[in-house]
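Chemist: So that we are looking at the same thing, I have put the structure below in C-alpha cells.
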Number of protein chains: 2
Amino acid sequence: MEYELIAELTREWVDEAGEMLRESLKNTSLKIEEKTNPSDLVTEMDRAIEAFFVEKIQKHFPDHKIFGEEGTYDEINDLSGFIWIIDPIDGTLNYVKQKSNFCSMIALFKDGEGVLSFINDVIHEDVYFGIKGKGVFCNDRRLETVPPHSLNEGLIAISTKMVTNESEKTKEVVQEALGVRLIGSAGLEMIQVLTNRVSAYITNDLSAWDIAQGYMLATELGLTFTRRDGTPINLMEKNPILVANSQAHKEIVSKFVKE
Amino acid sequence: MEYELIAELTREWVDEAGEMLRESLKNTSLKIEEKTNPSDLVTEMDRAIEAFFVEKIQKHFPDHKIFGEEGTYDEINDLSGFIWIIDPIDGTLNYVKQKSNFCSMIALFKDGEGVLSFINDVIHEDVYFGIKGKGVFCNDRRLETVPPHSLNEGLIAISTKMVTNESEKTKEVVQEALGVRLIGSAGLEMIQVLTNRVSAYITNDLSAWDIAQGYMLATELGLTFTRRDGTPINLMEKNPILVANSQAHKEIVSKFVKE
C-alpha cells in the first residue's frame, strides 16, 4: 500500500481517537493510576486509546510490529521492517490536571526511518502530520521550513527535569535564549519547534514513543533532531533530545560537548 | 455608574482590542523595538492598543486616573479614587515570536481595591472577567472556586527569571510540585491558577500593569495573592508574586520565609 493511502487510513484513526479523548474529558470519574511516581500517571484512556490503535493496526497490517507506551510491545530487537510507534496520550499529567496541553501520537517507521507521523493537539483540534518526501502539514496547511537562526534570537523549550536538575550547561544555554517555555508534553514541545514558536527543545531521557513521531516530522521539515551531544538518536534506547533549526542546534551542541 | 454597566462598556473595548490584535497578526511588517533588553519588546500594537483604551477611558470617565505599561502615566502618588490599569499586550515576546500565548488586560480599581477586571486570551478568544462581588467568568461560564490542595498535588507555573536565576528556595518549591509549566505571560499564568490548571504561580518582580488584573480576579475567586513572602502586594512598586489556592500558598510561603 502506498504511504499516502496508509496515511489516509491513519488519519481516520487519529481523528476518532481525538474525538474519544475530547469526550473522555466530560467524564468526571476517570480512573487514574501512578506508574513510577506521582507525576507519572496512566489513565484508563491511555490504555483504551492504545488498544484502539493496536486493534486497527493488527486488522489492516497484521505483519507490522507495534511499539506502544502503555504495554504493547512486540519483541523488537532491531528496527527492520515496519514498526508502528504509539503514544496514546503524551502529557498525561496535563490531560488529568489541565484537560488540555496533551497530544496523541502515532508514527510508522520502515527499517528505522519514519515514513509517516501524526501528532494530534487534541483540544485545539490541530492534527500535525507528515509523509516522507511529501512535507509536513497542520490540518490542511503546509508548514513552512524554519529559517536557521541563532539561539539568542528565539525562545527555548525545556522539560521539568531540566529545571529541577539543572546543570551549568543547561543554565548557559537557557540564559542565551530570549526566554524559556514549558508545556509539559514532548509532542507539543516538538510542534513548537516545527512551527517556529520556539527555536529549540532540549530535554532529558525520552523513549521511542515520546520522540519517534516528532523525529519523523522534524526530519521531513529539515530541522535537526539528535541526542543532546549531537549524535544520532537511537530508538531502541532512551535519549536526551535536542531538536532545533540547524543554526541554533550547532550552537547548543557546542555548549553541551565543549568540556 | 454601576460597576455592571462600566463592565459592559469595558467588555466592548476589550473585544474590539482583541479583534485589532488578531488582525495585526496578519501584518507581516510589524514594527518592533527593544526596551531594556532583547527579550523586553514593544511593538506598534502595544502602543496602539494602549492608546485605544486610553481614548475610551478619557471620553467616558474624564476624571479617572490611568496607569498603562506603554507610557500612559497619570501622576499617581496614591491609590485613592478610580484608577484604570492597562497592559495592552502581556507577553509581547510571545505575540512577536509565537503569534499566540499573549493576553490583553485592563482593570479598574477604586481606592486600591479592584472593582472590575478583564484578561483576554486573544488567540483562543477566551475573555476572563470579574466584577467585585459578582464572581469571575470565562466568556459566559462562571469559574468555580478552586478547592484548597497541596503543592505536591498539582503543577506550578514560574517565570523564565525563576529558571535562570534559580535560588535554592525556588528549587525546593519546584521539586515538590508535580511539574513546572511556563507560558511566558503573567496574565495567562494567573488564568492557569484561576482555572486550577496549575496550583500556584510564582514569579519575580512585576509591576502594577502585570498583576492588577489577575490580582482582582484571584481575590474575587477566593485565591490568595500576595508577595512571595506572604505580605500584601503594593501596586505602587514592583512585587515578587505568589498566587495560589490557600493550602499551596501556605506551604510555599513557609518555604520562602523559613530561614
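Please read every residue number as a count from 1 along the shown chain.
Cβ from N, Cα, C; glycine included.
Source: prediction; values computed, not measured.
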Chemist: Of the candidates B:ASP210, B:ASP229, which does TrEMBL annotate as part of the Mg(2+) 1 site that also includes B:GLU69, B:ASP87, B:ILE89?
Modeler: B:ASP210
Chemist: How many Å lie between the Cα of B:ASP90 (Mg(2+) 2 binding site) and the Cα of B:ASP210 (Mg(2+) 1 binding site)?
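Modeler: About 7 Å separates the two Cα atoms.
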Chemist: Using the CB centroid of B:GLU69, B:ASP87, B:ILE89, B:ASP210 as the Mg(2+) 1 site centre, which other residues of the same chain sit with their CB within 8 A?
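Modeler: Going along the sequence, the neighbours come out as B:ASP46, B:GLU70, B:ILE86, B:PRO88, B:ASP90, B:THR92, B:MET105, B:GLY187, B:TRP209.
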Chemist: Neighbour count, 10 Å Cβ-Cβ cut-off, for B:ASP87 (Mg(2+) 1 binding site): what number do you get?
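Modeler: B:ASP87 (Mg(2+) 1 binding site) is surrounded by 32 other Cβ atoms within 10 Å.
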Chemist: According to DSSP, collapsed to three classes, what secondary structure does B:ASP210 (Mg(2+) 1 binding site) have?
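Modeler: Once the DSSP labels are grouped into three classes, B:ASP210 (Mg(2+) 1 binding site) ends up as helix.
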Chemist: What are the sequence-distant neighbours of B:GLU69 (Mg(2+) 1 binding site), meaning same chain, six or more residues apart, C-beta distance under 8 angstroms?
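Modeler: Long-range Cβ contacts: B:ASP46, B:GLU50, B:ILE86, B:ASP87, B:PRO88, B:SER207, B:TRP209, B:ASP210.
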